[in-house]
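Feature list (source: TrEMBL):
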- A:6-30: transmembrane segment (TRANSMEM)
- A:37-57: transmembrane segment (TRANSMEM)
- A:63-86: transmembrane segment (TRANSMEM)
- A:95-116: transmembrane segment (TRANSMEM)
- A:147-166: transmembrane segment (TRANSMEM)
- A:193-212: transmembrane segment (TRANSMEM)
- A:232-253: transmembrane segment (TRANSMEM)
- A:265-285: transmembrane segment (TRANSMEM)
Amino acid sequence: MSELWFFFEVLLSGMFAGTMYSLVALGFVLIFKASGVFNFAQGTMVLFAALCFVGFLEMGLPMVVAALIAIAIMVAWAFTVERLVLRHLVNQEPIILFMATIGVSFFLEGFGEFIWGGDVHPLNVGIPDDAWFVGPDGAMMIQQFDLSAAVIAGLLVTVLALFFHYTRIGRALRAVADDHQAALSVGIPLNQIWVIVWSVAGFVALVAGIIWGSRLGVQFSLSIVALKALPVLILGGFTSVPGAIVGGLIIGAGEKLAEIYIGPFFGGAIEEWFAYVLAMFFLLFRPQGLFGERIIERV
Amino acid sequence: MSIRSLTLALAGAAIGLAGLAGAASAADQIYIPNLVYKTGPYGPSGTPVAHGVADYLAMINMRDGGVNGVPILYEECETGYKTDRGVECYDRVKNQNGGAVVINPWSTGITYALIEKATADKIPILSLGYGRTSAADGRVFPYVFNFPSTYWNQATAIFKYIADQEGGFDKLKGKNFGFVYLDHPYGKEPIPTLDILAEKYGFTYDKYPVPPASMTEQKSIWLQIRRSKPAYVIMWGWGAMNATAITEASNVKYPMDHFIGNWWAAAEPDVVPVGEAAKGYKGATFNGVGTDFAVYKDINALYDAGKGTWSKDQIGGVLYSRGLVTGAYMVEAIKVAQAKFGNRAITGEEMQYGLENLDLDAAKIAKLGLTGLMPPVKVTCDNHEGQNPAILIQQWNGKAWEIKSDWIAADTALVRPLIEQDAAQYAKENNITPRSCS
């Protein structure tokens, strides 16, 4: 296999892996946009949504029904979080809200395990799982699964970007993100907006959970995929839906290329920290992230 | 833990407690705490082991009323496979209920962290097939036991298997292998042996560490393997890392029958999520698998009595079986200790004697109904690994694990001097005078 073909294979695989990270990052972005809160529980929501989906499938329900019930549960979860946690923390410092989401995360993980057990649940939703080989002697491999995941992520981002830019709810979400009190003063129902955005984040978590779960089986390690989304958020910006995708592509490609071409000089296993180094390098030039909103505060 | 298993566990605990209430106090029961992990990313691998141990001890309590009439008090402490939590668990349980008689850390990292503490507390550590390899030198590590085999000996036995497949050790010369491992004390443990084997047999190998936080994303590793095409890939993995690696190996079309996991990387949670693609994957093991063993008559009776700790349809897998044999080793060691010190609740120090004088031959194992489930073992003062370290190779057929080899003996002639050298170094660094075993 020529080195050039291998380089492109790594690049493409990294970009595909990046779109998988983006799927998780999207959920963080949505909630941050609407509440200015970094939702620590997003990784656990991915796990919980996938557990519900696969749990209902194992009960013999059709896939569509299982997905609809899982969505309903995530909406109910959004209501619960708003009613029991967020409502009581309006206008509190973001760090207070962040701490609350840590508690929410631990609760949800334990609750998920209590309901669905700690076993690995195999999941097959029919995503093609073979590979195409292109180039001389099949020098370059393209995973059909990865391509499918990338298409799904792309569609999701497009829909969400349109939703945020062209709907009243989308504009209301952005207003709430800018200033809770100001948004309330112009008649935006803050609590309702939070329910909507946590519901949408729950839906995104379900999609991410189904895709990651199809690859690995639905298991508790899904909650740690959130760690892969963090550098994507830092790089892409916490408030940008397209930023999550572009950030994912750059982080995914960057970490894989670094692991293969630089890793051997460090004894390997550098991709975990390299992703953060790469993200911070971008921050030197764009402190708000590539697509983050530039906040100018006047004295 | 699901509602069902929680209910079963609570029911089992209630029945057990009711049976023991009034009859047993801390002074006349044998307290065995278990440092388990049933939650988190490693939970799917830790759960079956914990249930195997719990079921065997519950079965002994139900069938025999304990060991020689002394009931066992079993308790779990959740570590999440995290070293700091493991140490915290140890500190919490060591003095409870009259004192722990033995500790199973179920983690190489936790084992390393507990060696000095447990030795000072005179509580033996049973790190069955994991932990610090050089702890097999009982002169330096009197309170650590790692029979029936260690990681270093396992590595030599895996290469013996590969050599047999290839037509002899001379055929390994010039070949390249891949070593995929969890970037954790456990995963790194066999590297010194692999280096020596590579030099001795003239092969090379590439190391592919998998950081714990990246265990579900190994693309870069498997693209490198696709490019370098190693003759075999050997894996020292755990938790979700294993299923991810097997999936990625399948994705890059690596021949699955040339991919061999160690005995912690070849169980049902590693292959079932992968589905058909895992077919052909091989792994080492030191215990049989399935429920077709005499001991299951009593285990089934335990479940029929509603005292099993898991759901009956889940028992019999690789890791459950390993938990079961761990329970059996502990019970037999307690019997050895009781034979010397009397049929009563024993101390950790007395349990150390029991473990160190454990001699389970084929006849004794048959009597326990465990033939085929566990290998014979004879532990001595200076050899805590046992005198017959060997492995079996099993292969996943898409539905179940099938044993594909006879017992493959480890190269103890190569490994034992390394163990003694490493133990001597440890003794020097820690100002330990090795005890005499003569």
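Every residue gets a Cβ built from N, Cα and C, even glycine.
Automatic, uncurated: that is what TrEMBL annotation is.
The stretches the transmembrane segment (A:147-166) and the transmembrane segment (A:95-116) are not in mutual contact, being linked by fewer than three Cβ pairs under 8 Å (pairs 6 or more apart in sequence). The transmembrane segment (A:6-30) is not in contact with the transmembrane segment (A:95-116), judged by fewer than 3 CB-CB distances under 8 Å for residue pairs 6 or more apart in sequence. Only residues 6 or more beyond the boundaries of the transmembrane segment (A:265-285), in the same chain, are considered here, and those with a CB under 8 A from a CB of the stretch are 228, 230-232, 234-235, 247, 250-251, 254-256, 258-259. With a cut-off of 8 Å between Cβ atoms, the residues of this chain six or more beyond the transmembrane segment (A:37-57) that come close are 24, 27-28, 31, 63, 65-67, 69-70, 73-74, 77, 94, 97-98, 101-102, 104-105, 108-109, 111-112, 115-116, 121, 123, 201-202, 205-206, 208-210, 212-213, 218, 220, 222-227, 229, 238.
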